[in-house]
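Structure incoming, see below.
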Amino acid sequence: MRFLFLTFCAILLTVVLIRAIPVPIDDEDNDEADFDSNSKNEKVGMMKTNPQLELMREKLKKLKIANADRTGQEAMDAPVQAMPLRSSYRNVTPSVFASVEKINERIEDYLYESDILLTLEQVDDLFSRNTLNADQDDEDSDSASSETTSDETKPQRRIKRKVKLNPQYKWSTKKPILYYVSADLTRAKKQAIGSAVEFWQHHTCLTFREVDTLEDNIDIIHFINGAGCYSSVGRVGGIQELSIADGCEHLGFGVLTHEIGHALGFWHEQMRSDRDSFVRVLMDNVRQEGKGQFDKQTANSIKTYSIPYEYGSLMHYNGNAFAINENEYVLVAKNELFQQTMGQRTAPSFFDVYQANRHYKCLDKCSATITNCHNGGYPNPKNCNKCICPIGFGGDLCSDPQRAQGDNCGQRSTATEDWQLLEASVGGNLPWRPTENNPAVWKPVICSWHITAPIGKAIEVRVSENSAQCRFGCAHNALQIKTSINYKVTGMRVCCSNDNRNHTYQSEGNLMPIIAEAYYRFSFKLQYRIHKKTDHQLFLSYKEAAEQGDSTAQNDLGVAYENGKGVSQSNEEAAKWYRKAAEQGKLQNKEVQMAKRTLDGCLKMGEVFLNQMKKLSNGSGKLQNKEVQMANLT
């Protein structure tokens, strides 16, 4: 009897333990797993009984059909280009959470570009733009990057403008943006809201204030537990809902900063008019109901503020958005190394924040302050003595690695000519699912390493191991590698075994930031060493350091110009940089004397040449005034 009793207890304990273990669920089943379907059906039903929303849905249907026809025709008309062959992502990690796209499937008839709730006026505006003559678009395209586009002074073309440019859709910077949080939102959702609001408030001149009551006659963002993850675009007037359905709190910081970005007036990055220069849309793999979700703006319907196309924008679709075969691509990056940079949900990119600050004229607040920000940073309008830095950089002036967020990780390392190993684990021991008592996975951990080499040298890196969850857009965790000397641009991100497989990354400068982004814990190993640069690469690294005041690099840049190494020979440029190096006074005595001697030599050569030209001019009178002036300039 005792044996039978112990056996029964063991079986019972096993059953209890099995039921307690979270089981990964494929995306196909996520919509049932992450939220109560009856509750969601009820919320969808409420949308269908709203006459205003139903009218908008009917108009939106026509807009999507027009967009699908136009995008399909553009795809057919585009010249066939050889695109890199890519294997299917058969090793994609099954997620226990539904994607935003999956959560929004039941209400996608009401949404534009997957998560945007338009007003009737905005639908009419977009539809009218699509029906305008293409010749008009071309006529105005030159004004796309200017601060004031030509259509702002031409009322008959105003309807072409991207709605976020209309001042009526902008929030005031002179008073707080009010927001109200519904009481039925979970603690995890409220934490994600607070963190996302704080981010935009800290990095722009905008301010936010939570209120306790809703009033119809006041502009206010209302965070609701709605039927999906969606937002309006810009300030639409009165109470505007920003919905956080169950499941939206997963990757909540990225999702919420994205949706608030819409509320501030921003569309998706792949809607830019120059999209086709950077990505290709494979319409054959787009679900029928998603074919109208790849609209593209005309050249003068959006202000880009001269910001380059950003694969790493938080507002960018990932590679398989609206895919028929979810293991195949829909959006293909023309620079294949940036394929997994599209769709990141770690945080707004450096350029996302910069665009917000340009759009709301926040940079004017620091116009009278001189703050020497490094590595592409710029003064923070909330504190002009500190800088807003590209990801991977931190400190008041962006001269340090970004401070680790939650983990004791990140460091500086110096490359040598021999391969060295860098390995780390990043992210906490986070549960598969957030709970009321442990609302985890709503904010990522970011760790940064700075690998450096002597000035004039480059760095090469190869990734040998990476345990990150393989997902399109590396949404859960990623290893980011920055090779460009333009540190403002998001780097190349990898999380799957076939991401940039066997690729050796080479830096343009003598610094390579490595950034680990982790909602879930993962580990990686990479090797790094010095890579010998070409003359032109050396010139670029000298130029970058010289422009930041490095006197040694200024002297080296003068040598490069004098001898035409890596750049066209120019005595004028050589003299300029020798002069800067000599004036710095930070070189060793020997180097200062060398710079001064070289500068003096250039000047003496110029004086001899000038005297000869003057003698010729005065003696023969054959030189014209213009030639005499040229001799003086020389």
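Each residue's number is its place along the chain shown, starting with 1.
Glycine is treated like the rest: Cβ placed from N, Cα and C.
So TrEMBL says this about it:
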type	residues	note
SIGNAL	1-20	signal peptide
REGION	132-159	region 'Disordered'
DOMAIN	157-367	domain 'Peptidase M12A'
ACT_SITE	E259	active site
DOMAIN	409-531	domain 'CUB'
Counting by DSSP secondary structure, give me helix, strand and coil numbers for the domain 'CUB' (409-531).
3 helix, 55 strand, 65 coil
Under 8 Å Cβ-Cβ from E259 (active site), six or more apart in the same chain: what's there?
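Looking at Cβ-Cβ distances below 8 Å from E259 (active site), excluding near sequence neighbours, one finds D115, C229, Y230, S231, L242, I244.
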Please give the average pLDDT for the domain 'Peptidase M12A' (157-367) in this predicted model.
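A mean pLDDT of 91 is what the model gives the domain 'Peptidase M12A' (157-367).
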